[in-house]
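The following features are taken from TrEMBL:
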type	residues	note
BINDING	CYS509, CYS512, CYS549, CYS552	Zn(2+) 1 binding site
BINDING	CYS518, CYS521, CYS536, CYS539	Zn(2+) 2 binding site
DOMAIN	281-447	domain 'Helicase ATP-binding'
DOMAIN	544-698	domain 'Helicase C-terminal'
Amino acid sequence: MSFLIAEVIVDVSTYHVDRPFDYRVPGEWMNVIELGCRVKVPFGPRNVLGFVVGLKEETDVPLNKLKAITQILDMEPVLTEEMLQMAKWLKNDTICYEIDALQVMLPSALRAKYEKTIKLQQGQQLPLEAQDIFGKRQRASFKEFERASLLPLLKQLVAENIVTIENVVKQQGNVKEIRMVQITADQQLIERASEQSSRAVKQRLLLQWMCQHLGEVFSPHQICDEAGVSISVLEAVIDKGAAQFIQEEVFRDPFTKEVSRTQALQLTDEQQVALQAITTAMDQQIAQTFLLHGVTGSGKTEVYLQAIQKVLEEGKEAIMLVPEISLTPQMTERFRSRFGEMVAVMHSGLSVGEKYDEWRKIQQGKVKVVVGARSAIFAPFTNIGLIILDEEHESTYKQEDSPRYHARDVAIWRSEYYKCPIILGSATPALESFARAKKGVYTLLSLKHRALHQALPTVFIADMREELRQGNRSMFSQTLIEAIRARLEKNEQMVLFLNRRGYSSFVLCRDCGTVVQCPNCDISLTYHRTTEKLKCHYCGYEEHVPQICPQCQSDHIRYFGTGTQKVEEELYKLFPEARVIRMDVDTTKHKGAHEEILETFGAGRADILLGTQMIAKGLDFPNITLVGVLSADTSLHLPDYRAAERTFQLLTQVSGRAGRHDKPGEVIIQTYTPEHYAIELAKTQDYEPFYEREMFLRRRSNYPPYYFVALIQLSHEDVMTAAEYAGRVADWLRGNLSNQVAIIGPTTASIARLQNRYRYQCLIKYKIEPNLIPVLQRLLAMYRAEWVKQGILMTVDLDPSTI
Ligand SMILES: Nc1ncnc2c1ncn2[C@@H]1O[C@H](COP(=O)(O)OP(=O)(O)OP(=O)(O)O)[C@@H](O)[C@H]1O
Ligand SMILES: [Zn+2]
Ligand SMILES: [Zn+2]
């Protein structure tokens, strides 16, 4: 007797074995189940979610031990064949559980609790058995089909598009619907209704109107308007069978405003050359990776738009990634004005329901372009023609939880699958990317000039030590103050940028130097002015600002450092007439806040846009002629080998906001270390000299891109236990990896204690180590089987963004 066996990856990522388990497929589901469907299966004492990753007829599991699938959750697979392959690759490439790799590809609505309903499509005829289930309703529940053992029939109905299946998410809203009216397609029904209402003039009027619109669908409102009747007349006619109410699905619209359409611009020669290279790769169907290195304002976005245009003409699909889309509403708008309804968006600012709707639009082929943040790289397209990563150097493209993937690597994998090109775009590419382009692994395309041949802005460095010597204790240098005053007089706009990476306002005792720390983490607490509280940004701990120093009881304890609110207050003191608009985490909490702020600024209703990291990128406003960087150094002194690179990138990006159109731009960078090369070279805004300099230093200290690094982090509540296991990790690595590999550690992590757990790490530096993945997999297996029980937490990151 033959069985159908499903191989299922189960949702238990604490189990130490990461492999598919075999389950019997109950007879009635034989022709229903497919690869990529979600199922419920018994695992130990409970039922868990699982994904079908294989179907076969034989198993090594003895028949009396073989359990059956409890429930099937999808008629149509939610994961494609491609995704199942991609998950296997991710599992190996990032060393994660396969279940984590499968889950990350789905919108969270499909990971939550939901119910399935079956909806009858308009005007479709059901076979008898199914009619019994639906009765007079438009909808039936999945369970009803299941109970009647009619799943194969259901599958057939879905295939013939007679019914559709919808997942109604229980907790987080569901498919949104509105009530519509469908006029019958059958003229006789209308005639019969007319006979019945021979004395009702209005009803007859409506029925005559309906004769002109057989089979069409309108909103009740529209019908009443057009036919000039009231809703009660419409209801009476519906009662007589001339039309019926139907529920029509609407997609939630994450776009808050209308945009006007734009046309492709006439490209510059440089843009033309770049576009030509990309479209050639498309025509030849080669998985070629292009690095589009273009100075700020050089028109990279126009190249993306026209490349996508070509993809659409070929009937294919495109993925456009941006670092964090809620920060760049301008980008979405440019895509919508070019491609209209063909565009879906995916980013963290959307609700669970909105994300699910956007995902379904992609899956159902209703859109051809997705503009989104990191996770949009998993958009369920099946005919991809181009993938773009804008600002490819940004660290948000790397996910910091399992699966610890980099969107660039996933993009390259998918491009190989679809044989299509990729564009990595940036004014300041990641060192790794530029090195690969120089070696010919990527194809370098350069835009050396701004699109309209405007000059890059002039950059001044203001030495804040000098200012202090001359008695200026404020946060604004004289140069900056004068520059702001000049702009206010000329009615031009400016951007003031407060570099807050690794920087915060803290409370310090001026007598003994104590900085108030979080009791759970080795990190200073951040001062919040509005609530007069100190907060830990890592664990959420908070307390009131102390009146006296907890160490020496001095009352000379006060906060230090600069927040955007403080800057705003200072600005108003200096320039009471200035209209300042602030963009930071506090002013952008509510949905749509970014758009509102940028719209106000774009419409010229503010003079100064003051903000943090989130204003550094993507802004394109004609009237900005001054960019001020209040504190260039704050990101320079972090214990991270990429600190100089990040600082240079940030300064170049933010400078690029000035003088993008007719008016020339000026940039003033304030710093306490003007001699640092990252700051000196940001002055000329020339990427290659910086690249050469930084590469030299990386080579000297054996850092990427010359070496690869892998980071193993480990924590425990007890410091001795944490140290002991960290030591075991280091010993084990030394015993199993070749002596070509440098193992640094164990050392304490840069934050030595977090949420009351002590943290250690080991760093692996290597050039070629074929054994690395298997060795790390064995280490993880050991950890999952034994160490977890001791309360150890361990993570392995093959491409850490900070170390
Ligand atoms: N070929 C062109 N002709 C006319 N204007 C153009 C052309 N290409 C781009 N522009 C305009 O130049 C400005 C800068 O272009 P865009 O924003 O695409 O540059 P970018 O390289 O993406 O900039 P950044 O990296 O600084 O964000 C935009 O206002 C854009 O409309
Ligand atoms: Zn003190
Ligand atoms: Zn804390």
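Numbers here mean position along the shown chain, with the first residue as 1.
The backbone N, Cα and C atoms fix where each Cβ goes, and this holds for glycine too.
Predicted automatically and left uncurated, TrEMBL annotations should be read as such.
Remember, it's a predicted structure, so these values are computed and weren't measured experimentally.
Sequence features annotated in TrEMBL and their locations in the structure.
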residue: CYS509; record: Zn(2+) 1 binding site; DSSP (3 states): strand
residue: CYS518; record: Zn(2+) 2 binding site; DSSP (3 states): coil
residue: CYS536; record: Zn(2+) 2 binding site; DSSP (3 states): coil
residue: CYS549; record: Zn(2+) 1 binding site; DSSP (3 states): coil
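Selection of the binding-site residues CYS521, CYS536, CYS539, CYS549 by a Cβ distance under 6 Å from ligand 2 yields, in sequence order, CYS549.
The C-beta environment of CYS521 (Zn(2+) 2 binding site), restricted to residues of the same chain at least 6 apart in sequence and closer than 8 Å, consists of CYS536, TYR538, CYS539, TYR541, ILE751, ARG753, LEU754, GLN755, ASN756.
Residues from the binding-site residues list (CYS521, CYS536, CYS539, CYS552) with a C-beta closer than 6 Å to any atom of ligand 3: CYS521, CYS536, CYS539. Note: the Zn(2+) 1 site is recorded as CYS509, CYS512, CYS549, CYS552; in the same chain, ARG510, ASP511, GLY513, THR514, PRO550, GLN551, GLN553, SER554, HIS556, ILE557 also have Cβ atoms within 8 Å of that site's Cβ centroid. Sequence-distant contacts (6 or more apart, same chain, Cβ under 8 Å) of CYS512 (Zn(2+) 1 binding site) comprise CYS549, GLN551, CYS552, SER554.
Within 10 Å of the C-beta of CYS518 (Zn(2+) 2 binding site) there are 24 other C-beta atoms, taking all protein chains into account.
Residues PRO519, ASN520, ILE523, LEU525, HIS537, TYR538, GLY540, TYR541, LEU754, GLN755 surround the recorded Zn(2+) 2 site, their Cβ atoms falling within 8 Å of the Cβ centroid of CYS518, CYS521, CYS536, CYS539, which are themselves excluded. Cα of CYS509 (Zn(2+) 1 binding site) to Cα of CYS518 (Zn(2+) 2 binding site): a span of 15 Å. Fewest Cβ neighbours within 10 Å among the binding-site residues CYS509, CYS552: this applies to CYS552. The least crowded of the binding-site residues CYS536, CYS539, CYS549, judged by other CB atoms within 10 A of its own CB, is CYS539.
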